[in-house]
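Below is one structure, written out as structure tokens, with a few remarks after it.
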Amino acid sequence: MFAVSPSLTLIIKRTLPLTVGLFAIMLVQLVDSVFIGMLGLNQLAVHGITLPFQAAFIGTQVGIGVAATSIISKACGGRDKLKSQTVATLAAAGGTLFITLLGVVLWLLQDPILATFIASDVSSAKQLALAAIFNRYWPAWLLSAISVAALYLVSCVYRANEDTKTTGQMFLLASIINLILDPLLIFSFNMGIVGAALASTLSYSICTLYMLYKARGKQWFAAINLNSLSTSTKQQAIQNSPYFYYGKELIRTTVPTILNQSLPSLSAFICMLLIAQIGTEEIAFWSLLSRLESFLLVFTLALTMAIPPIIGRYLGEGKLNEIVEVLTVTAKFLLVFHLVIALIAAISSPYIIPLISADMMMQNWFSIALWVIPFSYAPLGLCMLVVSAFNALGEARRALFVSMVRLLVLYVPAIWLGTATQSIIQTIVAACIANTLAGAYAWFKLKQCTALQFTRSQLA
């Protein structure tokens, strides 16, 4: 049914390289944590402090990247070369500069940040030990976060110009370099936890520089000419500059997408607080389940990165029928794909569960969870696709609204109801129902939006 569809062939061709690259990055992050854990509990605790800030960095860079990809791909479809080049330069250079400024602010706040995460009952000796590790690791980690953002923002320009293969290859290469450097810098050169951050910085920076070098002859970026801004006419020149005009559009689109990307972190934090009311074992179980979820959704995540440039280009060319076809084919494929993955996860659960945890209580919970929650990833994936499609269609506010309904109206209240029963199994069932309702609601809103787009095009 799907094999004969040219749209599906295009989608898979664009998605597979990204899937491999993203999976490699996630795997290396897991290995990173293992290496740091080998250094000691204090090092692992300090590494854990960076997690909420990592989510903030990712939310910001993805927000900028999604907005830029939407604008660039639409400009390419409309053959507006100046706009695509200008926005590409603003997103890559301006976005990296903004992330760098955020890093500098966090570096200046390192003492209050550490104090926030150290409990009052911790001994003074341990506080000093943690502070010594944190003060060395924090600047190095911030540098690595900036390098990750730079690679992601440059890769967005590639994806917007229909090159997902290079992006996937660079994600994979960065992961391989990171994996090689990690044990060398951490253990062989005795750099400890700082070596882990330095390995990430070097690997991502190398790949970023290569992508910039490779893009030289493709004319995807515009040169910034500061000499044209004379002192007497500087204000007028800036206002007439395409960077000023298109920069305003990029900012308008970026703000709601950043808010959109921040919602999952906020809801995850709230849900963890709710789960904590049941017990410590439940917290550990939910953390493991979340890690498993990220692996099961890696293809969907890659799909949400591959689809927007296709939609944006069709939108720029005025091909609304093709947009509907791409979304319909992708939705059907996504539902079938996740149902198959869910079946595989459920049937193979007796073999998977012992690898996840040796605790008997955990194994009992997972034996039920793997027969329930993975089946809801099909509608959840559909909701993620719809949010991505809205951003590509230039409907960032609609995307934000759908995310708010999914997380704040459906998911968080479902977790609250589940935890109110003091049962982790009923919490899982509640989460499953919330994911399913979110998928149905998102598809309904997308149908409304595409119908409106058709009406507007006919009136025009």
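Every residue, even glycine, has its Cβ placed from backbone N, Cα and C.
Per TrEMBL, the feature transmembrane segment maps to 20-41 (among others). Counting only same-chain residues 6+ beyond the ends of the transmembrane segment (20-41), those with a CB under 8 A from a CB of the stretch are 47, 167-172, 174-176, 178-179, 182-183, 186-187, 192-193, 196, 200, 291, 294-295, 298, 301-302.
The transmembrane segment annotation in TrEMBL covers 53-75 (among others).
According to TrEMBL, the transmembrane segment annotation covers 87-109 (among others).
The transmembrane segment annotation in TrEMBL covers 138-158 (among others).
Residues 18, 20-22, 24-25, 27-28, 31-32, 35-36, 39, 151, 155, 193, 195-196, 198-200, 202-204, 206-207, 210-211 of the same chain lie 6+ residues outside the transmembrane segment (170-187) yet bring a C-beta within less than 8 angstroms of a C-beta in it. What TrEMBL records for 170-187 (among others) is transmembrane segment.
According to TrEMBL, the transmembrane segment annotation covers 193-213 (among others). Long-range contacts of the transmembrane segment (193-213) within the same chain, counting only residues at least 6 positions beyond its ends with a Cβ under 8 Å from a Cβ of the stretch, are 32, 35-36, 39, 43, 46-47, 133, 136-137, 140-141, 143-144, 147-148, 150-151, 154-155, 158, 166, 170-171, 173-175, 177-178, 181-182, 184-187.
The transmembrane segment feature in TrEMBL is assigned to 266-289 (among others). Under 8 Å from some Cβ of the transmembrane segment (266-289) lie the Cβ atoms of residues 52, 55, 356-357, 359, 361-362, 365-366, 369, 373, 407-408, 411-412, 415-416, 419, 422-424, 427-428, all in the same chain and six or more residues away from its ends.
Positions annotated as transmembrane segment by TrEMBL: 295-312 (among others).
Taken from TrEMBL, the feature transmembrane segment applies to 333-353 (among others). Beyond the transmembrane segment (333-353), the same-chain residues lying 6 or more positions past its ends with a Cβ under 8 Å from any Cβ of the stretch are 2, 8, 11, 296, 299-300, 303, 363, 366-367, 370-371, 374-375, 377-379, 381-382, 385.
Sequence annotations record features per position, and here TrEMBL assigns transmembrane segment to 365-387 (among others). The list of residues near the transmembrane segment (365-387) in space but at least 6 beyond its ends in sequence, with Cβ under 8 angstroms from a Cβ of it, reads 260, 285, 288-289, 293, 296-297, 300-301, 303-304, 307, 327, 330-331, 334-335, 337-339, 341-342, 345-346, 349-350, 352-353, 356-357, 399, 402-403, 406, 424-425, 428-429, 431-433, 435-443, 445-446.
Residues or ranges marked as transmembrane segment by TrEMBL: 399-418 (among others).
For 424-444 (among others), the entry in TrEMBL reads transmembrane segment.
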Counting only residues 6+ away from its ends, which parts of the chain sit with a Cβ under 8 Å from the transmembrane segment (399-418)?
256-257, 259-260, 263-264, 266-267, 270-271, 274-275, 383, 386-388, 390-391, 424, 426-431, 433-435, 437-438, 441-442, 445
Cβ-Cβ under 8 Å with the transmembrane segment (138-158): same-chain residues at least 6 beyond its ends:
50, 53-54, 57, 60-62, 64-66, 68-69, 72, 88, 91-92, 95-96, 99-100, 103, 106-107, 110, 113-114, 164, 166-167, 170-171, 174, 194, 197-198, 200-201, 204-205, 207-208, 211-212, 215, 220-221
Under 8 Å between C-beta atoms and at least six residues away from its ends: which parts of the chain pack against the transmembrane segment (87-109)?
53, 56-57, 60-61, 64-65, 67-68, 71-72, 75, 138-139, 142-143, 145-146, 149-150, 153-154, 156-157, 160, 220-222, 224, 243, 246-247, 249-250
